[in-house]
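Residues annotated as [4Fe-4S] cluster binding site in TrEMBL: CYS72, CYS76, CYS79. Sequence annotations record features per position, and here TrEMBL assigns [2Fe-2S] cluster binding site to CYS116, CYS147, CYS207, ARG279. The domain 'Radical SAM core' annotation in TrEMBL covers 57-284.
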Amino acid sequence: MDTTLEHPVVLHRAAPAADAGSAPRWRVEAVQALLDLPFNDLLFRAQTVHRGHWPAGDVELATLLSVKTGGCPENCGYCPQSAEFDTGVKAQKLMSVDEVTAAAQAAKDAGATRFCMGAAWRAPKDRDIEKVAELVQAVKGLGLQSCATLGMLQAHQARALRDAGLDYYNHNLDTAPEYYGDVVDTRSYQDRLDTLAHVRAAGISVCCGGIVGMGEAPVHRAGLLAQLANLDPYPESVPINSLVRVPGTPLADSAPIDPLDFVRVIAVARILMPRARVRLSAGRQQLGEAVQALCFLAGANSIFYGDKLLVTGNPDVEADRQLLAKLGLRGRDVAAGEGAGA
Ligand code: SF4
């Protein structure tokens, strides 16, 4: 991916809804310049872009069901589901169609319109895809949108999931290419890009973001954001995670990111990808209400909520609803899965 193309720092592009197919291309230096803006200037720009593309106060509420937990052969340094790390997570088999259908029905009864399934695989086998296709069909049969995060996909697997009715696929870039090898070495950055290309080519909507607070330098945050914005088109959903430092993982002792730097990442994501859902994902509970409020001001318009985000904790639903009410934001239920894990 070429990140060297010049792009001016724009205040606001009044782009039509279809502009996700003609995303501008960004240099890392230009993204860094945005991250380095005076804080109030950055938030003003981000909120202006946000108001130009989204209804004010609309926040998507997303939940995720882990349909196959733990035992993953990858070594992503942030992830408690890797079999390489002693984190106390017990490996579980893929849930049955009946179990997933019951969970999806419960989500629908609670007002959800979309249901996502996460599975801790490096790369599903074709027989795994067949089973997940059954789960997707069951979810679709309830009248829900479907999404999944299953690891690396081959082109024919993406098409099989599309044929089963899959609407969204989550696959994160995690960080900048230059820092990726410090986080995981069982797969390459190009592997990630290839899967995203297969998903896009199959006609499935893309959910793709990353994680900050993994010991990366500021330029790596700029590099991640440039990579995301330079995907063509850029993702429909962009989950931004703040590392949850899980004991037993290699990144457990990482220095936490300054909360205001996290807000800056959210703001720049909004500026670079005006029509993407920018999602506060893992690590939100570490931020506190005031910082979350700044994230909404910076253009976040989706949050993970509920008791679990894969296997890390998340603030409970009621506390989230109270926070949204305090801020005058309108939560909109979807049970969506973009943003964590594979
Ligand atoms: S992030 Fe996904 S691929 Fe990496 S170890 Fe965890 S479950 Fe496996």
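Every residue, even glycine, has its Cβ placed from backbone N, Cα and C.
TrEMBL annotations: computationally assigned, not manually curated.
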### Entries of CYS76, CYS116, CYS147, ARG279 (binding-site residues) sitting next to ligand 1, with Cβ under 6 Å as the cut-off
CYS76
### Cβ atoms near CYS116 ([2Fe-2S] cluster binding site) (within 10 Å, other residues, all chains)
32
### Query
Between CYS79 ([4Fe-4S] cluster binding site) and CYS207 ([2Fe-2S] cluster binding site), what C-alpha distance do you get in Å?
19
#### Entry: Neighbour tally for CYS207 ([2Fe-2S] cluster binding site), based on other Cβ positions within 10 Å of its Cβ
29
### Message
I need the CA-to-CA distance for CYS207 ([2Fe-2S] cluster binding site) versus CYS76 ([4Fe-4S] cluster binding site), whole Å please.
### Response
19
### Message
I'm trying to understand the geometry here, so how far is the Cα atom of ARG279 ([2Fe-2S] cluster binding site) from the Cα atom of CYS76 ([4Fe-4S] cluster binding site), in Å to the nearest whole number?
### Response
21
### Where CYS79 ([4Fe-4S] cluster binding site) sits in the secondary structure, as DSSP reduces it to three classes
coil
### Message
At a 10 A cut-off on CB-CB distances, which of the binding-site residues CYS76, CYS79 has the highest count?
### Response
CYS79
### Query
If you count Cβ atoms within 10 Å of each one, which of the binding-site residues CYS72, CYS147 comes out on top?
CYS147
### Query
Can you count the other CB atoms that lie within 10 A of the CB of ARG279 ([2Fe-2S] cluster binding site)?
27
